[in-house]
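Structure first, commentary second.
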């Protein structure tokens with residue numbers, strides 16, 4: 001693979017725009033991007049679908065194509081291999097630089113396979129990113145064929161991680177079908193995200209303070225789950241914390257169920273529509289968790305397309321009144 005692809009050259013070109021005007025594109029060749037997809041796919045399949053990781057590491061939530069904010073996260077937390085990372089999914093869609101975002105993440109995965117980890121989000125799925133921006137970006141800047149190559153790669157991403165046997169991480173949340181970790185390990189890849197069931201729930205479900213047990217999800221997919229479900233899950237599996245993403249939260253992180261679950265969202269000033277901060281959670285060797293906050297940048301400098309006006313509903317912050325279906 002190294003004959004075809006110089007990974008250091010790719011990373012260095014992707015990082016060249018640091019300090020440039022936000023929004024400046026990095027145009028890798030189509031064959032380089034294809035190689036990133038194929039090589040990372042190989043690595044994903046060689047590692048478990050349920051990762052078992054060790055602290056210290058930094059955990060990040062949704063990025064959604066906000067490439068310059070991803071660079072800010074690395075500036076804050078340390079560019080790999082200075083720190084170990086776990087990302088919780090939703091790399092593409094909504095923001096205008098999904099390609100740079102996913103290419104840098106895949107490049108780091110290839111270069112630092114044992115220290116840099118990516119989970120699958122609900123947007124790493126063809127039926128979703130066909131609609132919410134990634135397909136259009138691939139088609140405009142490259143080809144539809146390249147978008148299909150990304151789909152093949154996304155279908156092999158791991159879906160959950162356990163940090164030091166104590167912190168359970170996934171993109172969305174719990175599932176009424178989940179009773180043993182072995183069920184996650186048995187999910188075969190490559191796989192699309194089904195409309196229901198365990199894999200769907202891990203990527204789509206949401207905690208909800210008004211739900212007792214399991215409830216209907218306003219997204220029109222999966223379920224909501226209450227604090228009691230969280231407590232029972234942690235007790236049964238001897239975990240201390242659930243760490244998930246999937247929802248915009250004002251401060252970049254938000255606790256639920258007496259600090260037994262935390263939501264992380266790492267795209268500040270989401271799509272230029274919200275005033276939310278972004279956050280990254282640092283887990284030290286003793287499993288102490290602390291949060292690094294990215295304040296929303298000056299809106300005039302960060303211009304993201306207003307998808308709200310082109311029929312692509314935004315994910316509302318938790319507690320917002322405007323409830324959108326399937327996001």
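Using the three backbone atoms N, Cα and C, a Cβ is placed for every residue, glycine included.
The active site, proton donor feature in Swiss-Prot is assigned to 123. If you take the C-beta of residue 123 (active site, proton donor) and look for same-chain residues 6 or more apart in sequence within under 8 angstroms, you find 64, 89, 90, 91, 92, 93, 129, 132, 134.
As annotated by Swiss-Prot, Mn(2+) 1 binding site applies to 62, 64, 90. In the three-state DSSP classification, residue 62 (Mn(2+) 1 binding site) falls within a strand. Of all Cβ atoms in the shown protein chains, 30 besides its own fall within 10 Å of the Cβ of residue 62 (Mn(2+) 1 binding site).
Feature annotation from Swiss-Prot assigns Mn(2+) 2 binding site to 90, 122, 171, 246. Counting every protein chain shown, the Cβ of residue 122 (Mn(2+) 2 binding site) has 27 other Cβ atoms within 10 Å. Annotation note: residue 122 (Mn(2+) 2 binding site) sits in a coil segment as assigned by DSSP.
If you look up Swiss-Prot, you'll see 315 marked as phosphothreonine, on the strength of experimental evidence.
According to Swiss-Prot, the feature region 'Disordered' maps to 308-327.
Taking the centroid of the Cβ atoms of 90, 122, 171, 246 as the Mn(2+) 2 site, the other same-chain residues with Cβ within 8 Å of it are 62, 88, 89, 121, 123, 172, 203, 204, 245.
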